[in-house]
Amino acid sequence: MATLPPFSHPAPPSPDLSDSEDVDVATLTAKKLLAGLHDSARPSDAICYERRLGDSELSYYLPSRANGVNDMYLHLGFRAPERFLRRTRVQTVWSILRMRHPLMASRVVMRDYDDVRFVFTRPSSPETALLEADRELEYRTQSKDDLIDSYLNGPRTLSNDRLSYLIVSQVPTAEGLLPTPPPTPTLSKPSWESAESTFQYELLICAAHFIGDGMALHQFANDLFGLLAGSRSQEELEELARAEWQQRWGDRIDGTNSTPPLPLSLEESLPKELAKFKRVVGQVDFQNNLVKQIGGHTFPRRSDPVRHTTVPTVPYDEETTKAILKKCKAHGVSIASALFAICNFAWARMSPREKQKSPMMMYAALNVRPYFIPKPLNDSYWFLAVGYFNVMLPNFIPSSCESEKTFWLRARAAKDQSTRAAKNSMVVTRHREMARKRGRQSRAWAREDDEKEAGTWVPPPPAPAPRTPAVAAPPSSALIGLSLLGNLDGIYKHATFPDVKLHTLTTGSRQRHGGMLFFGYTFAGKLWVSLGYDENGFERKSVDMFWKNVLGAIDEFLSLALDSSLFWTLPCILMMVSEQFIDVLLQLKNTQFNRMLVVDVDVAYLSTEPPAPPTRLGLRVFGKTHHLHSAKATSITLRTSPGSSKTTLYRPPAAPAYAPPMLHQQVPMQRPNVTDDYERWYTEAVPNNRMLLSLKSGIHSEIAWAFDRLCRLCNNEQFFLRSIPGLTDALFEWPEWYIEQNKKGTNKLAVLFSLSPAEERKRRHGLEAMFVMRNAAVNEPNAQELASHKKTRLLLLAALHGVKPDTDANTEFLMHAIELLQYIAPTFPVPPPSAPLESNPIPPLVAIAGSSSNRSLIIASLTTLHLLLSNPANAVHLTPDSPALAASIRYLPLLSDRPLVDACLNFLYTHLSHPPMAKVFLRNRDMPSTLKLLATQIVSEQFEDTVSVDIGGPVFTAPAVSVVTRNHELTQEELYKLVGLPEPQRCYEWMKTMFVAEPEGELTQVDFWNLYKDVFVPFQQQYHLLVASDVIKNVTVVFPQAQAMVLQGPPQRFIVRGVDRRKDDSLKERFKCQWDRSQCTALAFSSAGELYDHVLEHINGIEDTEKECLWATCARDPLPKANLRAHVLTHLPSAQPPPKHPAQSDTITLPSEAYPYPNPDPTTRPPPPPRNATLTYRKPVVDPPSSSLTALLCIRVLFRTAFAATEVAPRIDADHFGFPGVVEDEADADTLEAESRAVALEQEGGAEGEEGRLSALRRILEDVHIAQDTLMGWVYEMGQTAAQINPKEDESTFWSNLLLLDVDRPYLTGKFAATSKEDCLGHFKPLINTLFGTCLEHARTASHDDPKKTNSLEIIAIFMRCLLSKSDLAGWEVMELFAGSVNDSDKFFMDFVSMIDHTLRDEQAPASLRHDVLQLAIIFMCGINQLSPGAYFLRRDLYPAVISIVKSPETQRFTFEALLFLALMANFHQSDAAKLNPYLQRIAETEDWDVLRKIVWAANHATLATIKAYQDISDDSPPTMASTLGSFMASLRPDRILASKPIDPPRELFKNQPIEACLILLPVYDFLHRCPVFTEVLCDSISAHHTDDAASKTHPTPLPYSLISLSSYLLTHATSLASLRAIAYANFALHILLAFVEKDELMKVVCQPSPVDIRLCRQRLPTLPIPKLPRPPLCALLDCCVLWLRHNLHKRLEVSLYLLCIRTCHRVVWFLQKERIRVEYNWQELWSALLGLLDFLASKVDSLNTTEQVEGLVQETIILLDLAICKADVFLPIPEDIHRLIYELMRSILVLRKQQSLLQKLSSKAVAADDQAVGALSRLLEVADFYQAKMGDVRIRSANDAMRVVAKGVEQDGIHGVKEVPVDDPPLGSEGTVLVLRHAYADGMSLMP
């Protein structure tokens, strides 16, 4: 068969294939069997994701290319059972974690130094992921040191294609294979469970540093062990692997996911740089910070081309570590800060004096994750997130103070620098700038290295010499880097993998030549320090000395003080010593020196040469032997501290025979746990258990011993009855005997005579057996064991009915039985009341509770009854006259007996919870007293505190005695003293007199000069005058802190700051003369007499005989002088102020802060607020106990029962769908009449007694106070009436006044949104009902200009929006909320609908009011959804009211909302009640062209707005000549040569699309589908647009064109983000397109060529070809179908929508062939999309979520292709289109053949189209086979060759195999409803205010 080359046409995008190597088939098959899956993807299906490396990642990657510099490793040594480390398990866990962290499974592709990318290939299936993980997993048999050495110093393990690697090693030694001894049995793990052997393993995790950091490495290790050694089995892990793949990659066929596949880089995760100024500031700060980084010390280096990294590691035992951490905490630092100081001291002690001047600098890493904003979108923590900071410390140790004080001072300095680096406000900018700098340097160095290796490197030209000598910059070299990982035990959750014991951890990285890094961390309770360095890159002596000093400093400063314990010095060498030497050391360590010792060892070297002088060495003992084969110990001496006297502890024998010591660490044996008699030999789970055998022995002493043990064991929570087979059966023996003896009456003699010892022992056995079962049942497993036992029910019933509590023993036995029943009550079956009495436990319990005088029995029986009767199925056993009820009421007054009262309250609540019992109890004579007792119970347990609340506002006061403050003026005396002084002395003294120093004061320089000039200018003829500049300069002489300065403007100000005018303070001028209407210039006098003498001078100077009083504002008539002298005394103040009351304040209260004081007319002053306005009351401080809550519940139940409505919920009617008022069947007239009379009587009685019951209840509850608001709301509900709100006005007046207030929308919305549904239906319900009723009444009856009308409408809208948004509201609950009851719902809702109707129709009403009512109606319909109250809008025809909104000029701008409201009503239960919905019929009958044109106008406006929202996100304008040329020229730039191909815009950008205006599709579909005239209007709009050229340019696009354009966007993005809302609107669009093509008159119009370019979506690849104009609009409609077929092939296939699309295409082809219309269209796009759909269905049918309707989809697609090939010559315009159709069928012949098997697989039942589809498929295959055979005879080299063969065959013989097949009319596919209203309701609600 010839292979057909693909024809040249746009095809769906295919991802680039990775260059992965071929997989062995056998290996892959094995992996598939392991994963339990079949092959579901071919290699060609692989999808790759790319991301560029950020600067930080690049700085690590580029140096690592040569030999793996910075490649990280983590070694963990541990012991674990062998089953956890099997390869299959490790392989599965490794694959799971690689799927979670895609960077570990990625590879790196370097295209340029600026373009290095991570490339991640999505695993096509779980088995592929498993196979890839297996390739990066290796098992070895190396030791820890060999593993680390081979990784650090051997060939590189990682590469560009391997970024992570896992190695598991087990050393095959005797010790390594020796299992750990089994642990001693404990309570948590019984001894009969066999212990599992553990083995020693070494794990090495390898990862490139540019994909993560140390935190990610350790978190990964924790997750690895959590899965590896967790509780999951191998099968569960494999299922987890499949689920992980399914979650990340299996949901979408194209591999996309809402979460980014690869984590973002560090730079992308940091907050974005917004302002340019901020960027510049950050760059300046970064450079300034670099200048401050000073360090002048480095290790001496040596040149060696061979790098060899070593990592000496020292752990400190747990006790020493705790001491170190404790000491650090005591000094306020962390161990990390202390290690900085350790390194500082270690280096300072070895630095020569001349190098101690410059500071020492160390660098450390800083975790950048806390600064990420926003948080990473990807859930992987494997990404690089580290920055760096430096710590600088002095490099000398002062001799003037103790070294320890200096050490801790340095540690605190390191802590401060670390804290400042982490909390600096510029930390993010510094990290970003540092990353940029490191990125630039790494690129430059990498380029230089590569060019040097290639021999093309050219040294850069030397920099020109600076003109001025540069200042030498301080050195900035770091001595060492510190990796301080902190407490790793906080990361490793050891409890999650208890069977694995981690004991060793080593970490580091491959070093560059001359690299060094210090590590410090705590792990497994130990402190670990290590130094990783290249030993060939440094002078060995310097590094050894530094390391020795580090360890010595740790012992010196961080271990315990020398005066309290002794220290071992750190080892210099390893040495071998004799057994006696070790014994002495161990004795020292195990006796008084239990810490550490300082030991000097004299060592003589063994050699053939003369002996060297003895060497003094230090030895550190950790409880194990240290070896050195070239030396032996000669003596041991002890010093308590350095420099102290020595004591010889040991000298070896004269000729010791050396033998290597063999020390074996013994594991101490654990003693068994004998607490609670839980000994192993008593609790063995065997049939011959000693206790069990003793019980069955019949020997009373043995039985007594067994019960004694069991009585103690049964209190242990680890004791389980089922663990000892046969124990439960044995326990029943003696209680049964006890009950049997009671039935026989033998216990009657025990009342008069004592029983025999044998009988007494037997009775005792029965009591103890019941006691054991009762106590054991406290444990849930034991309770289940007893509940399921066949004897338990019979035993308890026999005990309750057969044992009378007439003796102490019987009472005790009965107590145990009742309490045992309590524990198994939830599963204890209670028979119906008609069952035999002996089978029911409730009657004896009721009798005991009602008649017993034993308190314990009463409590037990009431509690048991409460538990049994709480089950609703057992409520039939409740009786109104129950003795238990009487007893529970009788004992309620015993408030001090809490247990008894609790039992009574619980039973009472259980009794009242049954509605019939509660109703009967209301008529109980004890009901009033019970209410009082319940309230008393609440009051007695409430704890209140006295609370004082200051309810007054702010108080403003003024001093009662006014103090007048004024600037000081020179007196005559001061002036005379200053005038004659010489300058500048006169200026100085003047300043001292006139001014004072004031730091915050300031004067203008002009004012300063004017003051000087005004004083001394009159005397300038006699005395010299200074110029202004000299005066200003003298200010700083007199006041040194003052300063003359210029403040930049505008306006510019010249001031003197630091001085102020001197102030003169005096009392209010009481004795100031107010003559001449207060114009007298005399100063204030000191007394009233002086003032009177002065006033007399004014009077005496009057020449007239009579004169009016001129005092201030006095209006006295003219008086003679004599009388005027007496009159003026009335104005003068008294010589002494009036006496003040002792309680009077020294201040005066002012009405407000700015109120003037003193007030000329005090009588007009408003009354000020009180100074002390405190309200004192009692307030509950704690929540009530449970007993009070139970009492409150009882009261509430009685209240709700007393005032319960008699109405019932609406009937659910299958035929009428719960519509109110629709009655299905007629009840008997007599029955209805009787029911009506009963309801009326009940309501009448309820109304008469309601006020009386409320009054009594209020009196009872008036003292109840509860802290919790909800509970107190219950009390208010039961105790308050509407009249209590304001007793002086009636309820109607209150609401009327309230509605006059402005509505606070945010406040009301917040309050009602926070109120739960239960509260709305609970204590808030009366208030809500009243509020709704009042607001509705004002909305109906108030005038248009009455604010109460608009406020009422706004309140109703707010409340409806909030209340209807509550979840799970039922229709009857809506009626309860709004109308008050179901019975009142008809009146309320019909009034509501009537109000809406009248307001919308009223053209006299303001347009804003009609708009508010329209929005209110939409809110109700959107909120009510499909609930039954919505049917009230169907009872009244609102269609004329809606049309009046559309037609009225004032309201036509609200047409969109009017259409929405009409569509919501028309779609209410459309599928079920179409005949009952009047709006569907009114829409169909609409013939008013003006109305329909306005509807078209509004719909077009909303459609265009929706389209624009898409285009604003991504501009998809078709390319023009200019843009194409510009793109071509830009692509020729060198920096664009490597640019990637175009990609789709991020799909997250479209997650909120379409906007809510898209809701217009709902009414458009209704009119298009049902209204014939609407179709004519659409056709007319298209024709008018085509014929009128002017209109086509100025008027908007016709609505059909806009709808087609919008459909292209909806269908393209429908399933991009798996949004149900987007899919719902795509459903709308497809229905509208199908309705288009079903209208023949509309089809005829859109088949005509049009010059209008209908803009289609081009926002996803591949885009549609650019159309050539003019072309028929039908082509754009077909393009929409192609877009849907291309972009929505996913695992969650929307089959029903694909059926709509296929039917639309089928209808188009059918219409064209019927009308014989040939349309020029790119038909090949359609055929390719249809065949692509069939290919997808055939290959992916097994992975689809559902195969429902898939068979029909395949059949209809095949029938469509058959119709196209059969009628191709009728509707295809040119022969080439026919040839391309045949060519596509030939190319897809394999796809067509798959359809045969697919149809057989899917066919489960016969359908009508089966025969037609089979025949169509046969014809398609015949055509394809025929032309395929013709290709075999001709040599085909290209697609054009194949086309010529097809064209030749068709031209000669026509299309082969095509026969005349009758073509039936396709069915109308748009019939029915669009089931997407849920999203329409949500969007409609969001559009409303």
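Glycine is no exception: its Cβ is also placed from the backbone N, Cα and C atoms.
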**Asked** Which one of 216-266, 420-470, 624-674 shows up in TrEMBL as region 'Disordered'?
**Response** 420-470
**Message:** Can you identify, from 1-21, 1051-1071, 1534-1554, 1849-1869, the stretch that TrEMBL calls region 'Disordered'?
**Reply:** 1-21
**Prompt:** Along the domain 'RFX-type winged-helix' (987-1063), what average pLDDT does this model show?
**Reply:** 87
**Fill in**
Sequence-distant contacts of the compositional bias 'Pro residues' (1157-1171), meaning Cβ under 8 Å and at least 6 residues beyond its ends, amount to 952-953, 955-956, 958, 962, 1068, 1145, 1148-1151
**Request:** Count up the helix, strand and coil residues in the region 'Disordered' (1132-1180) according to DSSP, in that order.
**Result:** 3 helix, 11 strand, 35 coil
**Prompt:** What is the three-state DSSP composition of the domain 'RFX-type winged-helix' (987-1063), stated as helix, strand and coil residue counts?
**Reply:** 33 helix, 25 strand, 19 coil
